[in-house]
Amino acid sequence: MFLKQPGGCILLQFLGLLGLVGAVTRTYYIGIVEEYWNYVPQGKDVITGKSFSEDKLATLFLERGPNRIGGIYKKAVYRHFTDGSYSTEIPKPPWLGFLGPILRAEVGDVIVIHLMNFASRPFSLHPHGVFYDKDSEGALYPDGTSGRNKEDDMVPPGKNYTYVWPVREEYAPAPADANCLTWVYHSHIDAPKDICSGLIGPLLVCKEGVLNRYSGMRTDVDREFVIMFTLVDENQSWYLDDNIKQFCTNPNSVDKSDAVFQRSNKMHALNGFLFGNMPEPEMCVGESVSWHLFGMGNEIDIHSIYFYGNTFITRGHRADVVNLFPATFLTTEMIVENPGKWMITCQVSDHLQAGMLGQYSVGNCRGNAPHPKVQGQQRRYFIAAEKVLWDYGPQGYDKFTGFPLNTSGSDSAVYFTQADNRIGGKYWKARYTEYVDATFSRRKMPSDSEAHLGILGPVIKAEVGDILLVTFANKADKVYSILPHGVFYDKASDAAPNVDGFLKPGAHVKPGETFTYRWTVPESVSPTDEDPPCLTYLYFSAVQPIKDTSAGLVGPLLVCKKGTLNADGTQKGIDKEFYLLFTVFDENFSSYLDENIKKFTWHPFSVDKEDKEFVKSNRMHAVNGYMYGSQPGLSMCKKDRVSWHLIGMGTDTDMHGVYFQGNTIHLRGTHRDSLALFPHMATTAYMQPDHSGIFKVFCSTLPHFTRGMGQIYEISSCGNRDPSEPPYGMLRTFFIAAEEVEWDYAPNKNWEFEKQHLDAGGERHGDIFMNHTENWIGSQYRKVVYREYTNGEFVEIKARPPQEEHLQLLGPMIHAEVGDSILIIFKNKASRPYSIAAQGVEDSNNGKLLNVPVTKPGEIKTYRWNVPKRSGPGPSDPNCIPWVYFSTANFVKDTYSGLMGPLITCREGVLNEKGRRSDVDYEFALLFLVFNENESWYLDDNIKKYLNKDPRDFKHTDDFEESNKMHAINGKIFGNLPGLIMTEDSMTNWYLLGIGSEVDIHTIHYHAESFLFKIDKSYREDVYDLFPGTFQTIELFADHPGTWLLHCHVSDHIHAGMETTYTVLRNIDNRIPYSTKTPSGAGSHAVTVPSQEQPGKEELYFFGKNLRPRGAKAALVILFILGLLLLVATVVLALRLRSSRRQMAYREVQSCALPTDAL
């Protein structure tokens, strides 16, 4: 009866409000179980329909033998149960494979995980993308915690643990992000081994209102799918010995260090399936589909994921390929329009042939789906495949050195020397050639603007609404095809080689045959509003895609917004268009290899095609098929509006940092001078050069330039005079010296000891890098570094303040604003020539010299860099953006020897009078680089000093060379980087710097915090992908006190020590000085933050929860509002009760007898 009263209704409303204030708690019961997993349950290659016995490479992975495990492995996996009895498992979609269940939550929710470990060894559960306290981090590392805050790090066999993860607003998808962000959870005792053992699953964090409150499923899309692309390295699994014993027919014959055995255990999988064996995700035409994609793994886990048949939008941009790396998480959104069975593949050559393929099925669930309407222009192309004799160096000499390409001892001689068992620089190749009509009797003569295309096929262009009719004549001697990215085509024009129940004559065009492909450009493949006017794609032959593209069959394709193209096909508002393909043409994979050996080697029968040096000589590091500056046609005028269309192709070593010397490019609202390219990825960038001269464009991945992947572009004044001296404002002067030091990568060795102590079953991966033995140098090396001095006397080194302690090996952090000029007084105090040059800024010798002048030992030289507007942040950039400065005397050796530093350019008004930023509380610059000491100038010195041996007689074994590859952050390994300390509720900017070789793929993960990074808009992440030649500012609001792990998520890099900690101090504890409290096993920089079991006196409790100052304010506001509502409810209830009593008294008076006696 009470609840029917008005006061009761108000109380119900009050309780409802309490329910709104409290978050939805999403509870999961997860069990870790051991099981046997079959990577190919259908027992055949589903893509081709063939038996594995017909594929030599497939048998390597899948066939059992005396020393081969085969396709079935014991693994540990996460499983979802109904309740705490763990007796009833909740089934999951079959396409999810061995991944754990999909966990979902909205911003404001709380995720509670009850984890039960049914496995035979300890494991844990660590999330990305959500908030957690120390007792729910689920990650084992020396962080100075103990007791309850350490119990979460590992759950022993037969035990359980409860993790609590609030999904706070700070982890919410940014406005420009998809409605649900893709994250993962995984075991984190030894993360690489745990993940390879199978313990990983998806976690989706959604904006408020996206999930159904009762079912927990999404309401904003029709379908959602999750796919993990990774090379599952079963050699790293905790169960390797079990698998050898169980599945090898002669376990005693197994050599676990054998390279072929190890390769046989590397499974190139989608959710744990190979060769199309993944159960097909199914959807209907017209449905909205969200694809949640992520990568995991090692240095070779570079994945270019291609969705055949349909395009999608990711981070506001149209594409049909996305790149994934270890711990890269992406959400792509697709409106499905093309019915049929379509492939999902990794287009990295090695991964494609090793089985990283799947399929998805699109049905006509509502009857026959009409083709998307197109009413634009019909554009016709007549393209032939022809066999050609190609010269990678047609001018015969290196444009950068002036020496002949076959000069003995030169870098180029490896590729251009013809000999008994060497082909040299000329090869038979295949090439797409354009003809004028369908008779294919007369080639279309290329214009001057197309002279740079080289081996590339003709540029195909179309606007939205157009129809492309491409008549293909195979005038070569192999079966070929044309398969395009980025356009719409039905099965009649499908050139993909998969068996899907359709006759596809365009997939196999034999020599002498022709076929006409019909491609359309409907609105569904149009560039988005965020995209440039023209999207860059490529087309290629897909009969045997690795052989065909290695032979040369590739060309550029542009999809443009309506009204973008002139009548002659050129782009409106663009004066020059250039198309550059960066790839290592691996002639060893070309279908013409045997013919090239026969024609060009002097003794063909002596050639061993497996010989490492022979194989190396055929890997041609080219731009459009040209090497060492031999590409013609890269010329333009000053002030020209230039569009660069950049394309990648190849294998897992084809990670290219394309660098434009002397100018910057405009890329999605940002200013850069370099960008990263990967196989089958293409990018459009813009440039407006402001100085005439000659400049380099090259791949800054360290070995690639020395191997020939560099060209020269020329800018002529064309009547536009260079300003004699631009009106630059403040002159910022720095006194910098190059000097030699004895450097210790790991002065404190406790990190690895402590990790092994915490995990008694763990391995010591750091010994080879830190131990000084008879044949290992250890952690100390002679190096050369940049150091700042107080004045031009170069006597007193300028002391670094505490906020720069983290720079360590790096040179000083140089700041400048747009409009400034930087004057470097440089003294070479080292023993060999060096220089100092910078990316992003304008050198005083800009365009006059290809190479920066060097400074000899003992000399002093002056270098001047100007900061024009194009060198500062772009419209979408943060207030300050990073570049690097370095020595160019010998870029590769100088870098590995230690010469590198950060240069920060800012918008006007950002720097204070001391040259420091006034808009943030802290800034940190981090260089992630595998310092290859084998390439250092000082290797011989280090052998002499630390091994006491003669370098001429010392044998360089594989182990010795591996021991000299220091996986460092600012020159420190295994938790030795100090100075990453900040206070709670502070705004921090981190400048992430990528330099190095093909192994320098770095995915930087911040535990406990997320951050925003900007391209055209801001996006939320907790891992950032970093590559050679790329630099990025990330914005991190530090609001979670504690000492947290910061590391590269690449498996080998974790084991090699590329990890450290950063500390967020509570506001009440910011009086604690740097480097004062050291947890056991950590480096001297670690700071212990008071445990939440002993909170500070200024904290506030709300329903038993310890809150920090900002949270306390919010809690007080909520308490005030609730108190006010309770007061109102109480008053209303009291008034209602009082009114009820009066009515009751009145009724009693009415029913009593009147006092008639008184009458």
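Quick reminder: no glycine exception, Cβ is built from N, Cα and C everywhere.
Take the Cu cation 6 site that Swiss-Prot assigns to Cys1048, His1053, Met1058: the candidate from His1002, His1007, His1040 listed for it is His1002. Among the candidates His292, His303, His452, the residue that Swiss-Prot annotates alongside Cys346, His351 as binding Cu cation 4 is His303. According to Swiss-Prot, the cysteine that forms a disulfide bond with Cys718, out of Cys560, Cys637, is Cys637. Among the candidates His645, His656, His765, the residue that Swiss-Prot names alongside Cys699, His704, Met709 for the Cu cation 5 site is His656. For Asn235 (N-linked glycosylation site), the count of additional Cβ atoms within 10 Å of its Cβ stands at 16 [all protein chains shown].
Using a cut-off of 8 Å between Cβ atoms, the domain 'Plastocyanin-like 4' (570-718) and the domain 'Plastocyanin-like 5' (730-906) share at least three residue pairs, counting only pairs 6 or more apart in sequence. The Cβ of His126 (Cu cation 1 binding site) lies under 8 Å from the Cβ of Glu137, Gly138, Ala139, Tyr185, His186, Ser187, His188, Ala191, each of these being in the same chain and 6 or more residues away along the sequence. For the domain 'Plastocyanin-like 5' (730-906), the model's average pLDDT works out to 94.
For Asn934 (N-linked glycosylation site), the count of additional Cβ atoms within 10 Å of its Cβ stands at 14 [all protein chains shown]. Reported as a whole number, the C-alpha separation between Asn934 (N-linked glycosylation site) and Asn588 (N-linked glycosylation site) equals 28 Å.
Under 8 Å, Cβ to Cβ, and six or more positions away along its own chain, Asn588 (N-linked glycosylation site) finds Ser550, Lys609, Val615, Asn618, Arg619. Asn235 (N-linked glycosylation site) sits 28 Å from Asn160 (N-linked glycosylation site), taking the C-alpha atoms as the reference points. Geometry remark: Asn160 (N-linked glycosylation site) versus His1005 (Cu cation 1 binding site), CA distance 27 Å. Working note on the glycosylation sites Asn160, Asn406, Asn771: by count of other C-beta atoms within 10 Å of each C-beta, Asn406 ranks first. When the domain 'Plastocyanin-like 4' (570-718) is classified with DSSP, helix, strand and coil residues number 22 helix, 63 strand, 64 coil.
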